[in-house]
Amino acid sequence: MFTFTLQLRTSLETQKLDLMAEVSDLKIKLVGMEKEQSEYEEKQNKAEGLLQELRHLKIKVEELENERNQYEWKLKATKAEIAQLQEQLALKDAEIERLQSQLSRTSSHSEVAERDQEVQRLKIGMESLLAANEEKITTLLAICIKCDYIAVLNPGDTENVDGTIVSDDLSPLSSGTDSGPQSPLSPENRKSPKGIKKIWGKIRRTQSGNFPADDLGLAEFRRGGLRATAGPRLSRSKETKGQKSDYNAPFAQWSTERVCNWLEDFGLGQYVIFARQWVTSGHMLLTATPQDMEKEMGIKHPLHRKKLVLAIKSINAKQDEKSAQLDHIWVTRWLDDIGLPQYKDQFHEARVDGRMLQYLTVNDLLFLKVTSQLHHLSIKCAIHVLHINGFNPHCLRRRPVEESNSSPSEVVQWSNHRVMEWLRSVDLAEYAPNLRGSGVHGALILLEPRFNGDTLAMLLNIPPQKTLLRRHLTTNFNVLIGPEAQQEKREITESTAYTPLTTTAKVRPKKLGFSHFGNLRKKKFDESTDYICPMDTNPGATNGSQKNYGGYKGLSPVTDRELDQVGHTD
């Protein structure tokens, strides 16, 4: 019994020692793990610091990339303008050469015409002189007959007493003598026609004592003679004065050259060659139809035709629209401001200017390859802001003035870059670059009722599982838009017909029924009135859901008519 107890105690002590050894090993392992954990935490902190620095560097790189893209686009636009200017210069040189050749031909033709006129004038003068001499000869013959010298006078001898031949330039009006009444010749006085012809020959062979006919013929074609060259010069100076007065004339009285210069300044210089051949005056362009523009001027681009048609309508109506002061270069910068720089090439190629923005339709945007429903709403809200501000080119705010106390009337004028600055101010700088190309600006945030905090989180690519971050964004978003807009967005969200905004929703053209196919050719050039932003927005047309934010009225959500055009793609 004692032996068994001893063995049991020995085994227990052995197990105790083993357990103590294991505990010591575990303590050693625990110390090692704690050390590894501290090292891991230190490395994690370093990694987070590096990641934060990497994010800042990424943001800077993206900003530099954006600036580089902007400079590249400006360089491309400058090259295009240089090429256009070179083309215009070549056209001007060709026009100068054509005018010089035409001027040379005109001067040569004018000289020939002047010579012909001088020759005709000489012929008329000689014929009048011959007629006067014939009258004098017949008078002398009658006098000789009366004086009974007809039998002595030989044919062809018409010399006077002093031996001089009767001059062929002494007409009754220029001789200074009164010949008195003369009796008509009797038939017997005209019985020697051959003698009269010989007298004519002798008179024409002798020089006139009063008008040097032979010397005149040489003098007429010699510089400094009687031919006057001041006439054509005076007529050309009158044309120059007419050209100067043409600049004060109404458009209908413009010359072809001035109309072509206007087309070049208007951004449609590529059609000047055809316009110079077809347009004869400003009135012809004012009365031109879209079919004439396509057929005669070669304007195949539908938006180029629309641009010209709108300008002609404004001129005919004598309307001075402020939107016409914004050219197509300004519109490309405006696309940068509203966060849609990816469409600048299409808008620049179509020469979309401020007036075209005012009359822009859904089909126009589809032709410009703008198919996103969100981008349609972005352009709609941005044009609405232009309407409210009278198309003031500086109505959008690009830089922050005060970081706090931004009223909704100020937020509605924020550009895309200003919204990104606001994200940086609410500690969301790492997500700000995701707004580039999204079309998000202050007017879309405030005026579109379906645009809420969840929509902005989706566009910023904030994962749904980051609930705290999304809640932080929504809180700051609601503070930004104010209580009135927040209430309107809540009512829209809680309605049964609410459909959230997505990046995949597309705008499609209306489907035409079979009854419309017969009118396709007839309506080819008809102007569509389905404007993307109607000019006379009716406050009561949105079921009373519009609010007034410091002069800005909220835009209605997509109506039933527009829902037919919207489709979703995966």
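Note: Cβ is positioned from N, Cα and C throughout, glycine not excepted.
Owing to the predicted nature of the structure, the values given are computational and were not obtained by experimental measurement.
Per TrEMBL, the feature coiled coil maps to 23-102.
The compositional bias 'Polar residues' annotation in TrEMBL covers 172-186 (among others).
Annotated compositional bias 'Polar residues' per TrEMBL: 539-548 (among others), in sequence order.
The domain 'SAM' annotation in TrEMBL covers 254-318 (among others). Taking H, G and I as helix, E and B as strand and the rest as coil, DSSP gives the domain 'SAM' (254-318) the counts 48 helix, 0 strand, 17 coil.
Across the domain 'SAM' (331-389), mean pLDDT in this model comes to 94. For 331-389 (among others), the entry in TrEMBL reads domain 'SAM'.
Here TrEMBL flags 414-445 (among others) as domain 'SAM'.
As annotated by TrEMBL, region 'Disordered' applies to 163-194 (among others).
Among the features that TrEMBL reports, region 'Disordered' is placed at 537-570 (among others).
Same-chain residues lying 6+ beyond the ends of the domain 'SAM' (414-445) with a Cβ under 8 Å from its Cβ atoms: 55-56, 58-59, 62-63, 66, 336-342, 372, 374-375, 377-379, 381-382, 384-385, 396-400, 403, 451, 456, 459-462, 472-473, 476-477, 480-481, 552.
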